[in-house]
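Colleague: What TrEMBL lists as active site is Asp88. Sequence annotations record features per position, and here TrEMBL assigns active site, proton acceptor to Glu153. Taken from TrEMBL, the feature Zn(2+) 1 binding site covers His86, Asp119, Glu182. Annotated Zn(2+) 2 binding site per TrEMBL: Asp119, Glu154, in sequence order. For 195-311, the entry in TrEMBL reads domain 'Peptidase M20 dimerisation'.
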Amino acid sequence: MVMTPNDFDEDAAIRRFQELLRIPTVSGHGPEGAYQDCAAWLIAYMQELGFLEDIHEFSPVEGKPIVVATWKGKDASLPSILLNSHYDVVPVMEQFWNYEPFGGELLENGMIVGRGTQDMKCVCVQYLEALRLLHSTGFVPARNIHLSYVPDEEIGGSDGMGKFLKSNQYQAMLPIALALDEGLANPTNKFTVFYGERTPWWLYVKAEGPTGHGSRFIKDTATIKLIDICNKALKFRDDQENLLGASCGCKHGEMKKNKLGDVTTVNLTVLRSGVTTDGGRTFALNVIPTDAMAGFDIRISPSQDLDAFKALQYTPPPNSRSNSQ
């Protein structure tokens, strides 16, 4: 008997999704064991399907496994398809949660609550369930379909996707005709297609300046320089936020409202300074620090000119000794 989409076991798929959500693969803590648990779970899931080949994990960086597998197609000489997702998640602040962050609880309204439900464990499971369903209908792909699951995407990906792209496993998948990466799940049965995406820039800015006693007026301190940079960045942020929801287009054509992807977001996510000798538990408030650092998460719209955006960045005055990276 050939299985049809109507025979899809939704309950089993949800159970698998919940199981994955219960593995606390938080970036930074994952190498302590959760990453390995997740890799083992993914491999067992792939083996259960029964038609994937070359299922294995490898760890270019200790404690950070990458999991790969292949569904062999009719003609392996054709450029392949790569389905990639990351299995790590961002940290949680449990005091702001109404449910257990790693409980994967199914609510009465059909919603599933947990860290990673949207970013990105939904896609981790959806890939495998989609392939399971295709295989059950008798479908055989024309070309090889590769799967890759990587860690550390939430903290830059240098030990995840960065290492994967330099690996023999990735080289063996080439040439790749189409690669699909993360995308938010659509709660309806519609497919959302994007023709572009915002470019992420994670930017650290460090300022340096003279020290002195807090009772005096010290010129060009590190914190004053950094505040100037932050204020300029936040002014640009306000300008972009004001564009959100505004109409765009010419008066002779159809007008549309700007959506999030049409504007550039800037968020100040890190601020660090102060004089301390105990790792930040206490600070000498009467001493002016010699350095200060800010971190920004910037998502640049496809319509934003990159050179023009670079020109907006703070240019330090002579002898100011401030820099960014």
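Using N, Cα and C of the backbone, Cβ positions are placed for all residues, glycine too.
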Colleague: Just to verify a number: CA distance, Asp88 (active site) to Glu154 (Zn(2+) 2 binding site), in angstrom, no decimals.
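Modeller: On Cα coordinates alone, these residues lie 7 Å apart.
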Colleague: What is the set of residues, excluding His86, Asp119, Glu182, whose C-beta falls within 8 angstroms of the centroid of the C-beta atoms at the Zn(2+) 1 site?
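Modeller: Here the nearby residues are Ser85, Met120, Val123, Glu153, Glu154, Asp181.
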Colleague: Out of Asp88, Asp119, Glu153, Glu154, Glu182, which of the recorded positions is least crowded by other Cβ atoms within 10 Å?
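Modeller: Candidates: the recorded positions Asp88, Asp119, Glu153, Glu154, Glu182. Fewest Cβ atoms within 10 Å: Glu182.
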Colleague: 10 Å Cβ neighbour count around His86 (Zn(2+) 1 binding site)?
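Modeller: The answer is 25.
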Colleague: Between His86 (Zn(2+) 1 binding site) and Glu153 (active site, proton acceptor), how many Å separate their Cα atoms?
Modeller: 6
Colleague: State the Cα to Cα distance, in Å, between Glu154 (Zn(2+) 2 binding site) and Asp119 (Zn(2+) 1 binding site), rounded to an integer.
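Modeller: Cα to Cα, Glu154 (Zn(2+) 2 binding site) and Asp119 (Zn(2+) 1 binding site) are separated by 9 Å.
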Colleague: Between Asp119 (Zn(2+) 1 binding site) and Glu153 (active site, proton acceptor), what C-alpha distance do you get in Å?
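Modeller: So the alpha carbons of Asp119 (Zn(2+) 1 binding site) and Glu153 (active site, proton acceptor) sit roughly 10 Å from each other.
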Colleague: Cα-Cα, whole number of Å: Glu182 (Zn(2+) 1 binding site) versus Glu153 (active site, proton acceptor)?
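Modeller: Cα to Cα, Glu182 (Zn(2+) 1 binding site) and Glu153 (active site, proton acceptor) are separated by 10 Å.
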Colleague: Helix, strand, coil residue numbers for the domain 'Peptidase M20 dimerisation' (195-311) per DSSP?
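Modeller: Secondary-structure breakdown of the domain 'Peptidase M20 dimerisation' (195-311): 31 helix, 37 strand, 49 coil.
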